[in-house]
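> What follows is a single structure, and I will ask about it in a moment.
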Amino acid sequence: MENMQYAEELVREFLVFRGFTATLQSFESELATDVGRGFQVDKLLDLIFAAYVPRFQADKLLALFGFLRQCLSSASTEAALLASLSRLEVAVMRYYIVHAVRSGRRDKVLEFFGASGNDLMRKDQDWTPWFAMPYVKNPSSDPQFRVYFSKEWYEALRVAVRNFFDEIFNGTHILWNCKNTISRLKKEIKQLNSKLAQLQALLEEKEAQLRRLRSHAASAMDAGIARSSSSTLSSGVLDENIVSSQDNQDTHDDATRNPGDRVLAQDLVDAAKAKVNLESLARPSAHVTTSLSVCGDNGAGGSSLMLQDGTFETGREVEGEEEFPEVNVDFQETFLGHTSPITRCRFSASGNNIASASMDGTVRIWTYDSSTSASRNATIYCGAEIMSLDWECKSDRLLLIGTADGGIKAWNVDAKRVVCDLNTTEAFPSVLDLKCSPVEPIFVSAAASRHVSGHIDDTSFASLTVWNMKTWKAMTVLPLGEDPPAITSLCFNHNGKILAASATDGMIHMFDMSAGLQITGWPAHDCGISSILFGADETSIFSLGTDGKVLEWSLQKQGHVLWSINSKSSIHVRHEMALDANGRRLFVTSGSARIRSWAGGLRTLPHSASVTTVDWHSTLPIFLTGSVDNSVRVTSIL
């Protein structure tokens with residue numbers, strides 16, 4: 001049929017998005033044996049009379065007829081068909097009761113009336129005598145029920161159901177509804193795309209006006225600073241991202257020589273910068289890149305910046321940051337309980353508690369809110385560098401700690417003790433990452449054969465182990481092939497069905513957790529990958545390379561890059577990124593840190609040294625930053 005293939009693709013996309021991989025495999029298997037490629041009425045009859053009724057699945061019978069009624073009600077359907085469906089539903093449910101009585105399962109009749117009796121009485125008063133059926137000694141000989149126990153009535157019912165299904169399916173009543181729905185959705189998508197294009201154009205115009213106003217205001221206040229900023233932007237941003245031909249360079253030189261032309265060149269710079277908007281999120285640009293996060297170790301310390309555009313150098317003071325206003329901070333708290341550089345910090349699932357780890361092997365649990373009880377506050381001594389932290393998602397009571405000597409500790413914050421102390425195999429002593437399933441009581445550990453403090457060793461091998469959090473036993477080892485490069489970062493989707501993993505060879509691996517198998521993978525970077533995250537709607541995935549390059553990959557079109565940033569960074573150093581709950585701000589470390597806000601460019605308050613780890617609150621606009629200066633900061637923004 002005309003829209004059959006399209007409908008099948010919609011089903012596939014839905015199953016992949018929800019992570020129902022077992023259902024997807026069954027769906028593909030049934031499609032492969034579907035010779036007729038059409039509606040199969042016989043299978044529906046078998047479902048009713050050979051499955052639901054004999055197994056006493058009254059709830060599924062009612063759900064099936066409810067679905068059919070919904071389809072016919074939303075379509076341009078004759079009233080006669082809806083009336084026929086109602087009569088058939090009554091007849092099938094009465095056959096269900098007759099079958100239960102004949103099978104000696106009067107308890108199923110009472111169960112059915114207990115669950116659906118009120119609805120039946122509201123629809124049809126003719127059901128009143130049927131409530132006495134379980135108490136009639138021999139209903140098959142009762143004049144009121146005798147006909148329903150006859151073979152002729154049953155055969156007539158099957159014929160009626162068959163004819164009805166033939167009418168609504170092969171008569172294209174439901175199919176016509178599907179076609180109308182598809183056409184309506186396509187029209188709505190077209191209207192939304194048109195509206196989005198208008199909003200993008202308006203946003204570009206407003207951003208360009210804002211940039212010009214800021215530039216002119218800065219020029220009026222300090223001509224010297226304006227000339228310095230213009231020079232930095234012209235030689236830095238334009239040379240790397242916008243100016244790609246000698247003609248553009250000549251134009252820039254002329255603008256430098258002529259004061260009138262210099263103003264025009266500055267306007268062009270402002271317009272080019274303002275063009276980085278929603279369109280840059282939808283597809284990568286060949287000339288204008290958006291800097292997600294880059295900061296250098298400089299005399300001023302590690303700063304944080306919400307950037308909208310531009311690629312900046314690292315390792316020295318960034319010129320031109322004065323264009324960005326400082327973020328409006330609601331409050332900021334600094335925790336100074338550590339005595340060595342911070343390696344990891346994580347909010348608990350509820351966001352009430354924070355776990356932070358340092359290179360000296362200590363983990364501290366604390367709270368930033370004075371109204372929250374401090375009863376969970378503790379210091380945990382692990383005896384080795386902390387490589388990974390993760391909170392158990394449901395109870396908010398367990399903290400998992402992975403160390404550089406192969407240890408995995410489970411700390412109960414209420415009991416204030418280690419409830420389990422696991423160890424990886426001797427061949428894989430370094431636990432680079434830990435991730436708890438958001439649904440099941442399991443977690444996955446990514447262990448590596450070698451580790452250099454603070455760095456990623458691209459010569460080490462990987463082991464991915466799934467652990468049961470009830471028995472604290474290893475369940476399975478996920479397949480990675482022979483001598484696989486080390487896995488650096490893990491991420492579950494929302495229902496825990498899919499696990500994403502990034503490796504030191506630049507590969508992204510995707511695993512079906514119910515089957516324990518790898519379902520896909522692709523080369524994402526030319527270098528190792530430090531961090532990986534699912535996008536907010538889980539139709540894309542972000543990857544951060546050790547070179548500082550950030551890519552957003554489509555999960556609907558494998559291997560397709562939706563968006564990319566190229567920021568310079570230190571090769572082989574472990575970096576992190578964190579996405580806020582709304583999916584609008586991405587926080588990335590690269591020896592220092594900046595936040596790239598999709599709403600605009602803003603600077604955050606700096607640490608006194610480079611930032612090493614980041615995390616966002618699960619629901620609030622609050623983020624964590626841990627630094628080489630031994631401090632952890634909690635910042636709430638307006």
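Backbone N, Cα and C atoms are what each Cβ position is placed from, and that goes for glycine too.
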> Scan 126-174, 175-223, 371-419, 420-468 against TrEMBL and say which stretch is down as coiled coil.
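Going through 126-174, 175-223, 371-419, 420-468 one by one, TrEMBL flags 175-223 as coiled coil.
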> Residue list, the repeat 'WD' (335-376) vs rest of chain: Cβ under 8 Å, 6 or more residues beyond ends.
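Distal contacts: 382-394, 396, 399, 401, 403, 411, 413-414, 416, 453-454, 612-620, 622, 624-634.
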> Would you report the average pLDDT that the model assigns to the coiled coil (175-223)?
75
> Looking only at the repeat 'WD' (604-638), what are its DSSP counts of helix, strand and coil residues?
0 helix, 19 strand, 16 coil
